[in-house]
Amino acid sequence: MERNSSLWKNLIDEHPVCTTWKQEAEGAIYHLASILFVVGFMGGSGFFGLLYVFSLLGLGFLCSAVWAWVDVCAADIYSWNFVLFVICFMQFVHIAYQVRSITFSREFQLLYSSLFQPLGTSLPVFRTIALSSEVVTLEKEHCYAMQGKTSIDKLSLLVSGRIRVTVDGEFLHYIFPFQFLDSPEWDSLRPTEEGIFQVTLTAETDCRYVSWRRKKLYLLFAQHRYISRLFSVLIGSDIADKLYALNDRVYTGKTYHYDIRLPNFYQMSSPKIRKSPLTEHFRNSRRYCDK
(Lines of atoms letter the chains of each structure in order from A and count residues from 1; the text may use other names and numbers.)
(Lines give C-alpha, C1' and ligand atoms only; values in the text may rest on other atoms or scores of the structure.)
Protein backbone atom coordinates (compact mmCIF):
# COMPACT_ATOMS: atom_id res chain seq x y z
CA MET A 1 0.00 0.00 0.00
CA GLU A 2 2.85 2.36 0.88
CA ARG A 3 4.52 1.49 -2.42
CA ASN A 4 1.40 2.46 -4.38
CA SER A 5 1.04 5.71 -2.47
CA SER A 6 4.67 6.61 -3.14
CA LEU A 7 4.18 5.94 -6.84
CA TRP A 8 1.12 8.19 -6.87
CA LYS A 9 3.10 10.86 -5.03
CA ASN A 10 5.91 10.71 -7.58
CA LEU A 11 3.47 10.96 -10.50
CA ILE A 12 1.25 13.72 -9.14
CA ASP A 13 2.69 15.56 -6.20
CA GLU A 14 6.37 15.68 -7.13
CA HIS A 15 5.90 15.95 -10.90
CA PRO A 16 6.84 19.40 -12.17
CA VAL A 17 3.79 21.52 -12.89
CA CYS A 18 3.52 23.50 -16.12
CA THR A 19 4.15 27.08 -15.14
CA THR A 20 4.22 28.48 -18.64
CA TRP A 21 2.31 27.32 -21.73
CA LYS A 22 3.50 27.52 -25.28
CA GLN A 23 2.06 30.52 -27.03
CA GLU A 24 2.34 29.15 -30.53
CA ALA A 25 0.12 26.30 -31.77
CA GLU A 26 1.43 23.00 -32.99
CA GLY A 27 2.02 22.46 -36.68
CA ALA A 28 -0.58 21.55 -39.28
CA ILE A 29 0.46 17.89 -39.25
CA TYR A 30 -0.53 17.52 -35.60
CA HIS A 31 -3.97 19.05 -36.16
CA LEU A 32 -4.49 16.91 -39.27
CA ALA A 33 -3.76 13.82 -37.21
CA SER A 34 -6.32 14.91 -34.59
CA ILE A 35 -8.97 15.47 -37.27
CA LEU A 36 -8.30 12.03 -38.74
CA PHE A 37 -8.72 10.46 -35.29
CA VAL A 38 -12.05 12.20 -34.73
CA VAL A 39 -13.42 11.24 -38.16
CA GLY A 40 -12.03 7.71 -37.91
CA PHE A 41 -13.79 6.95 -34.63
CA MET A 42 -17.11 7.82 -36.31
CA GLY A 43 -16.93 4.68 -38.45
CA GLY A 44 -19.70 2.12 -38.45
CA SER A 45 -19.75 -1.63 -37.92
CA GLY A 46 -19.28 -4.46 -40.35
CA PHE A 47 -16.39 -5.15 -42.70
CA PHE A 48 -16.62 -1.88 -44.60
CA GLY A 49 -16.98 0.05 -41.35
CA LEU A 50 -13.77 -1.55 -40.10
CA LEU A 51 -12.01 -0.63 -43.33
CA TYR A 52 -13.10 2.96 -42.80
CA VAL A 53 -11.95 3.04 -39.17
CA PHE A 54 -8.54 1.42 -39.65
CA SER A 55 -7.72 3.46 -42.76
CA LEU A 56 -8.35 6.81 -41.04
CA LEU A 57 -6.76 5.77 -37.76
CA GLY A 58 -3.71 4.52 -39.64
CA LEU A 59 -3.37 7.85 -41.44
CA GLY A 60 -3.80 9.63 -38.10
CA PHE A 61 -1.01 7.62 -36.46
CA LEU A 62 1.20 8.20 -39.50
CA CYS A 63 0.70 11.96 -39.24
CA SER A 64 1.46 11.78 -35.52
CA ALA A 65 4.66 9.87 -36.23
CA VAL A 66 5.72 12.49 -38.79
CA TRP A 67 4.89 15.26 -36.31
CA ALA A 68 6.95 13.54 -33.59
CA TRP A 69 9.91 13.13 -35.97
CA VAL A 70 9.86 16.63 -37.48
CA ASP A 71 8.51 18.97 -34.79
CA VAL A 72 8.89 17.28 -31.39
CA CYS A 73 12.03 15.28 -32.18
CA ALA A 74 10.99 12.63 -29.66
CA ALA A 75 12.02 9.06 -30.50
CA ASP A 76 9.56 7.43 -28.10
CA ILE A 77 6.53 9.34 -29.40
CA TYR A 78 7.60 8.60 -32.96
CA SER A 79 8.13 4.89 -32.23
CA TRP A 80 4.74 4.36 -30.59
CA ASN A 81 2.82 6.16 -33.32
CA PHE A 82 4.69 4.32 -36.06
CA VAL A 83 3.99 0.95 -34.42
CA LEU A 84 0.30 1.82 -34.16
CA PHE A 85 0.30 2.87 -37.83
CA VAL A 86 1.78 -0.52 -38.82
CA ILE A 87 -0.88 -2.36 -36.77
CA CYS A 88 -3.72 -0.40 -38.40
CA PHE A 89 -2.23 -0.98 -41.84
CA MET A 90 -1.98 -4.74 -41.24
CA GLN A 91 -5.58 -4.85 -40.00
CA PHE A 92 -6.73 -2.93 -43.07
CA VAL A 93 -4.96 -5.34 -45.43
CA HIS A 94 -6.36 -8.37 -43.57
CA ILE A 95 -9.96 -7.13 -43.70
CA ALA A 96 -9.63 -6.01 -47.33
CA TYR A 97 -8.39 -9.49 -48.24
CA GLN A 98 -11.35 -11.09 -46.47
CA VAL A 99 -13.82 -8.91 -48.36
CA ARG A 100 -12.03 -9.41 -51.68
CA SER A 101 -11.89 -13.19 -51.25
CA ILE A 102 -15.71 -13.45 -51.08
CA THR A 103 -16.70 -14.60 -54.57
CA PHE A 104 -19.91 -16.25 -55.77
CA SER A 105 -21.19 -18.02 -58.83
CA ARG A 106 -23.35 -16.11 -61.31
CA GLU A 107 -26.61 -17.28 -59.70
CA PHE A 108 -25.59 -16.06 -56.26
CA GLN A 109 -24.32 -12.76 -57.65
CA LEU A 110 -27.71 -12.12 -59.27
CA LEU A 111 -29.49 -13.19 -56.10
CA TYR A 112 -27.42 -10.89 -53.91
CA SER A 113 -27.67 -7.81 -56.13
CA SER A 114 -31.42 -8.23 -56.73
CA LEU A 115 -32.75 -9.38 -53.37
CA PHE A 116 -30.30 -9.27 -50.47
CA GLN A 117 -28.17 -6.19 -51.18
CA PRO A 118 -31.18 -3.79 -51.25
CA LEU A 119 -31.98 -4.99 -47.71
CA GLY A 120 -28.50 -4.03 -46.49
CA THR A 121 -27.18 -7.59 -46.15
CA SER A 122 -23.39 -7.63 -46.02
CA LEU A 123 -21.30 -9.96 -48.17
CA PRO A 124 -20.02 -12.05 -45.20
CA VAL A 125 -23.59 -12.68 -44.04
CA PHE A 126 -24.70 -13.58 -47.55
CA ARG A 127 -21.73 -15.94 -47.84
CA THR A 128 -23.00 -17.76 -44.74
CA ILE A 129 -26.43 -18.06 -46.37
CA ALA A 130 -24.98 -19.21 -49.69
CA LEU A 131 -22.76 -21.88 -48.11
CA SER A 132 -25.86 -23.51 -46.62
CA SER A 133 -27.59 -23.83 -50.00
CA GLU A 134 -27.20 -25.52 -53.36
CA VAL A 135 -28.00 -24.49 -56.93
CA VAL A 136 -30.31 -26.93 -58.76
CA THR A 137 -31.34 -27.12 -62.41
CA LEU A 138 -34.94 -28.01 -63.28
CA GLU A 139 -35.58 -28.91 -66.91
CA LYS A 140 -38.63 -27.82 -68.88
CA GLU A 141 -41.89 -29.66 -68.00
CA HIS A 142 -40.25 -31.33 -65.01
CA CYS A 143 -42.00 -31.00 -61.66
CA TYR A 144 -40.50 -29.39 -58.61
CA ALA A 145 -43.39 -30.70 -56.48
CA MET A 146 -46.50 -32.81 -57.08
CA GLN A 147 -49.80 -32.27 -55.35
CA GLY A 148 -50.38 -34.71 -52.49
CA LYS A 149 -47.07 -36.54 -53.05
CA THR A 150 -44.03 -34.33 -52.51
CA SER A 151 -43.03 -33.70 -48.91
CA ILE A 152 -42.14 -30.21 -47.69
CA ASP A 153 -38.48 -30.64 -46.77
CA LYS A 154 -36.78 -27.59 -48.28
CA LEU A 155 -37.12 -23.92 -49.18
CA SER A 156 -36.24 -22.79 -52.71
CA LEU A 157 -35.80 -19.47 -54.46
CA LEU A 158 -36.08 -19.21 -58.24
CA VAL A 159 -33.13 -17.54 -59.98
CA SER A 160 -34.01 -18.00 -63.65
CA GLY A 161 -36.90 -19.42 -65.66
CA ARG A 162 -40.62 -19.63 -64.88
CA ILE A 163 -42.64 -22.08 -62.77
CA ARG A 164 -46.33 -22.87 -63.30
CA VAL A 165 -48.46 -23.56 -60.22
CA THR A 166 -51.58 -25.71 -60.59
CA VAL A 167 -54.03 -27.50 -58.33
CA ASP A 168 -56.18 -30.38 -59.60
CA GLY A 169 -54.95 -29.48 -63.08
CA GLU A 170 -56.24 -25.88 -62.87
CA PHE A 171 -53.80 -23.03 -63.32
CA LEU A 172 -53.23 -20.74 -60.34
CA HIS A 173 -50.28 -18.46 -61.07
CA TYR A 174 -46.67 -18.25 -62.22
CA ILE A 175 -43.53 -18.02 -60.14
CA PHE A 176 -40.95 -15.65 -61.58
CA PRO A 177 -37.23 -15.15 -60.81
CA PHE A 178 -36.33 -14.02 -57.29
CA GLN A 179 -39.57 -15.43 -55.86
CA PHE A 180 -39.79 -18.37 -53.47
CA LEU A 181 -41.21 -21.58 -54.89
CA ASP A 182 -42.71 -22.85 -51.67
CA SER A 183 -43.11 -19.92 -49.26
CA PRO A 184 -46.78 -20.73 -48.37
CA GLU A 185 -45.86 -24.33 -47.57
CA TRP A 186 -42.84 -23.24 -45.52
CA ASP A 187 -44.92 -20.74 -43.55
CA SER A 188 -47.68 -23.27 -42.89
CA LEU A 189 -45.47 -25.67 -40.93
CA ARG A 190 -43.79 -25.41 -37.57
CA PRO A 191 -40.18 -26.61 -37.35
CA THR A 192 -41.24 -29.95 -35.85
CA GLU A 193 -44.11 -30.60 -38.25
CA GLU A 194 -44.16 -32.36 -41.59
CA GLY A 195 -46.45 -31.86 -44.56
CA ILE A 196 -46.97 -32.40 -48.27
CA PHE A 197 -47.58 -29.99 -51.14
CA GLN A 198 -51.19 -29.09 -51.94
CA VAL A 199 -50.22 -27.83 -55.41
CA THR A 200 -48.12 -28.95 -58.36
CA LEU A 201 -45.15 -26.85 -59.47
CA THR A 202 -43.99 -27.43 -63.06
CA ALA A 203 -41.16 -25.75 -64.96
CA GLU A 204 -42.42 -23.95 -68.06
CA THR A 205 -38.83 -23.27 -69.14
CA ASP A 206 -35.42 -24.51 -68.07
CA CYS A 207 -35.05 -23.18 -64.54
CA ARG A 208 -32.32 -22.66 -61.98
CA TYR A 209 -33.11 -22.25 -58.31
CA VAL A 210 -31.29 -22.01 -54.99
CA SER A 211 -32.46 -24.50 -52.39
CA TRP A 212 -31.98 -24.82 -48.61
CA ARG A 213 -32.71 -28.04 -46.77
CA ARG A 214 -35.30 -27.49 -44.08
CA LYS A 215 -33.36 -28.86 -41.10
CA LYS A 216 -30.15 -27.21 -42.18
CA LEU A 217 -31.89 -23.86 -42.59
CA TYR A 218 -33.51 -24.04 -39.16
CA LEU A 219 -30.09 -24.79 -37.68
CA LEU A 220 -28.76 -21.71 -39.45
CA PHE A 221 -31.61 -19.65 -37.98
CA ALA A 222 -30.75 -20.86 -34.49
CA GLN A 223 -27.12 -19.79 -34.93
CA HIS A 224 -27.78 -16.42 -36.61
CA ARG A 225 -30.78 -14.42 -35.45
CA TYR A 226 -30.23 -11.77 -38.11
CA ILE A 227 -30.54 -14.38 -40.88
CA SER A 228 -33.71 -15.72 -39.24
CA ARG A 229 -35.30 -12.25 -39.23
CA LEU A 230 -34.11 -11.65 -42.79
CA PHE A 231 -35.78 -14.79 -44.12
CA SER A 232 -38.92 -14.03 -42.12
CA VAL A 233 -39.20 -10.68 -43.91
CA LEU A 234 -38.46 -12.18 -47.33
CA ILE A 235 -40.93 -15.05 -46.95
CA GLY A 236 -43.67 -12.81 -45.58
CA SER A 237 -43.23 -10.35 -48.44
CA ASP A 238 -43.24 -13.19 -50.98
CA ILE A 239 -46.50 -14.62 -49.64
CA ALA A 240 -48.11 -11.19 -49.71
CA ASP A 241 -47.01 -10.69 -53.33
CA LYS A 242 -48.51 -14.04 -54.30
CA LEU A 243 -51.82 -13.20 -52.63
CA TYR A 244 -52.09 -9.83 -54.34
CA ALA A 245 -51.13 -11.32 -57.71
CA LEU A 246 -53.82 -13.99 -57.36
CA ASN A 247 -56.51 -11.58 -56.27
CA ASP A 248 -57.53 -10.74 -59.84
CA ARG A 249 -58.08 -14.39 -60.71
CA VAL A 250 -60.87 -14.99 -58.20
CA TYR A 251 -64.40 -13.96 -59.14
CA THR A 252 -67.85 -14.33 -57.73
CA GLY A 253 -70.77 -15.51 -59.80
CA LYS A 254 -71.75 -11.91 -60.64
CA THR A 255 -68.28 -11.20 -62.07
CA TYR A 256 -67.34 -8.99 -59.12
CA HIS A 257 -63.75 -9.14 -58.01
CA TYR A 258 -63.42 -10.93 -54.73
CA ASP A 259 -60.78 -9.62 -52.34
CA ILE A 260 -58.98 -12.68 -51.00
CA ARG A 261 -58.20 -10.76 -47.79
CA LEU A 262 -61.92 -10.81 -46.86
CA PRO A 263 -62.85 -14.47 -46.32
CA ASN A 264 -66.08 -13.57 -44.49
CA PHE A 265 -67.38 -11.81 -47.59
CA TYR A 266 -66.60 -14.87 -49.69
CA GLN A 267 -68.49 -17.21 -47.36
CA MET A 268 -71.52 -14.91 -47.51
CA SER A 269 -71.68 -15.23 -51.32
CA SER A 270 -73.93 -17.67 -53.14
CA PRO A 271 -73.46 -21.33 -52.09
CA LYS A 272 -73.81 -22.34 -55.74
CA ILE A 273 -70.44 -20.74 -56.53
CA ARG A 274 -67.68 -23.31 -56.74
CA LYS A 275 -64.77 -22.42 -54.49
CA SER A 276 -61.60 -21.51 -56.33
CA PRO A 277 -58.72 -23.97 -55.99
CA LEU A 278 -56.61 -20.97 -55.06
CA THR A 279 -58.68 -20.39 -51.96
CA GLU A 280 -58.60 -24.07 -51.10
CA HIS A 281 -54.81 -24.10 -51.49
CA PHE A 282 -54.20 -21.29 -49.04
CA ARG A 283 -56.94 -22.55 -46.71
CA ASN A 284 -55.26 -25.96 -46.52
CA SER A 285 -51.85 -24.36 -46.02
CA ARG A 286 -53.05 -22.34 -43.06
CA ARG A 287 -54.62 -25.37 -41.38
CA TYR A 288 -51.16 -26.53 -40.34
CA CYS A 289 -50.71 -23.34 -38.34
CA ASP A 290 -54.02 -23.81 -36.55
CA LYS A 291 -53.17 -27.26 -35.29
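Any Cβ shown, glycine's included, is placed from N, Cα and C.
These numbers come from a predicted model, not from an experiment.
Quick look at what TrEMBL lists:
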DOMAIN    26-248  domain 'POPDC1-3'
TRANSMEM  28-44  transmembrane segment
TRANSMEM  50-70  transmembrane segment
TRANSMEM  77-97  transmembrane segment
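For the domain 'POPDC1-3' (26-248), the model's average pLDDT works out to 87.
Same-chain residues lying 6+ beyond the ends of the transmembrane segment (77-97) with a Cβ under 8 Å from its Cβ atoms: 47, 50-51, 54-55, 57-58, 61-62, 64-65, 68-69.
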